[in-house]
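As recorded in TrEMBL:
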{"type": "BINDING", "residues": "SER99, GLU168, HIS196", "note": "Mg(2+) binding site"}
{"type": "BINDING", "residues": "ARG316, ASP343", "note": "ATP binding site"}
Amino acid sequence: MAEDAGARAAEERGRQASPYEEALACLSSLITRRTRADGANKGDHFDLLFDYIKILELEGPISQLRVIHVAGTKGKGSTCTFSESILRCCGFRTGLFTSPHLIDVRERFRLDGCDISEEKFLEYFWWCWRRLQEKTNEDVPMPSYFRFLALLAFKIFAAEKVDVAILEVGLGGKFDATNVVQAPVVCGISSLGYDHMEILGNTLREIAGEKAGILKHGVPAFTVPQPEEAMAALKEKASQLGIPLEVAPPLDTWSLKGQKLGLQGEHQYANAGLAVVLCRTWLQRTGNMGEALLPCGADLPEQFIRGLATSQMQGRAQVVVDPVVSHQGPRNSGFRPLVFYLDGAHSPESMEMCAKWFSSIIKEDSQEEGPGKGGWTIMQCPAGDRLLFFFLSSLCRDPRLLLPRLLNTCSNHGVHFHKAIFVPSQSAFNQVGSHSPPADSPQVDLSWQRTLQRAWESLHGGDRDSVNEAKEDARPDAAEYTRSCVFPSLPLAIKWLRDGSQQNQIVRFQVLVTGSLHLVGDVLRLLKR
């Protein structure tokens, strides 16, 4: 049984499995390859979700949740994060369900801005798991991985009596597990683009049609400025439902009254603008728009500004100073020798946004506080070496579409990479990670990493002779005159960076980590160890 998987894995490591590891092993047993949900397979048997809801006795609790439902290609997670933070600052008990997680699956379930505790996670997990195990059969099999997590989110939010449940669609919209909610308070659709085309369709119209599946009759709907083809599909769906589709303008910087958005990047102003109208509509429709929350003219309420300014989200436009190198060596106390810039961009459009953010932030980081005459002052730091850590899923994404957007956008902003580093992902497709990363495989297949490397080199007019594969004893100067290298493992690549930083005391290493949220999560996990 699945419960035994965690015990077996722990036994191999010479210890007993913890209850949390057993739960993760059960989750792993539900992972399958995603298939396109369409009419041919009845939405990947979407109606099964209602059987699961009956088994878990969640019909009533789900109908009582006051939901903000958000779909989109880019920015839906940020929009949900902004919305949660705003309403929490307004004094409401919040529940936020997002995906994917970066380090720990509990990140997907946030209560009042914090990941659910391990104790509560296990309580609700086993409650759902055992009931489904008892009641499912050949006709109604156990739910797939994401569907189980969505059901678990509904159970958690209902049991914890949240005032508002903010749900980020996992994939698509029409047949997504979160779309069992029949009457959300308000729906939002963030920026649309090309992603998951093997599942959602090959045109923006098809993709937008899938996303518009979350819209409901009688429920207010909002979106952001969209490509013409996508907007036409959204408006058509809204017209069929007899509802207006309103376009939320990007948030003006002056409306923050000197504050900055908690999530960095120029593109976040569009997501913040959508979050503001979603929260206002939620407050109005639930009867919670008190005098304190009524805006004066075009001004935002103070609670809204505080929520936008304090929003936090791992792996999106995140800056992390290496905790090892920064505390070693004879450095100036204000100098940050090894800095990681992490963004899980994995579509052409989001890659361009990531490049704009990186180009902007590293210029800001070229000035830091440091010791000067008469005390602390702003000092100009050396630009240092800019490196790219890159991984891309081989299943459905083409590096020839993503890497040029990244490289050209950075170049247009005067930013150039000294070296690109291609690494395999630590995360296994069919295993939910625990607190520690998996051991490095001695026989890892690097053929895909070499494909990514060749795509990068082709952008510079290079060929296979100009690239280098780092060996286990590689030193920082082993690839001194090459533009890229492949490492057989992420820990080895991190070690190479740290060794290089420690041997070059006056050089700053600025590392952009992008292409995959799995890679971003793997790097964060290693840095936090």
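Cβ atoms are placed via backbone N, Cα and C, with glycine included.
Recorded residues ARG316 (ATP binding site) and SER99 (Mg(2+) binding site) have their alpha carbons 13 Å apart, per Cα-Cα distance.
Counting only residues at least six positions away in the same chain, the Cβ atoms of GLY315, ARG316, ALA317, GLN318, CYS354, TRP357, PHE358, LEU512, VAL513, THR514, VAL520 sit under 8 Å from the Cβ of ASP343 (ATP binding site). For SER99 (Mg(2+) binding site), the count of additional Cβ atoms within 10 Å of its Cβ stands at 19 [all protein chains shown].
Its Cβ taken as reference, ARG316 (ATP binding site) is surrounded by 24 other Cβ atoms within 10 Å in the chains shown. Taking the Cβ of GLU168 (Mg(2+) binding site) as reference, residues of its chain lying under 8 Å away and at least six apart in sequence are, in sequence order, VAL70, LYS76, GLY77, CYS80, LEU96, PHE97, THR98, SER99, THR178.
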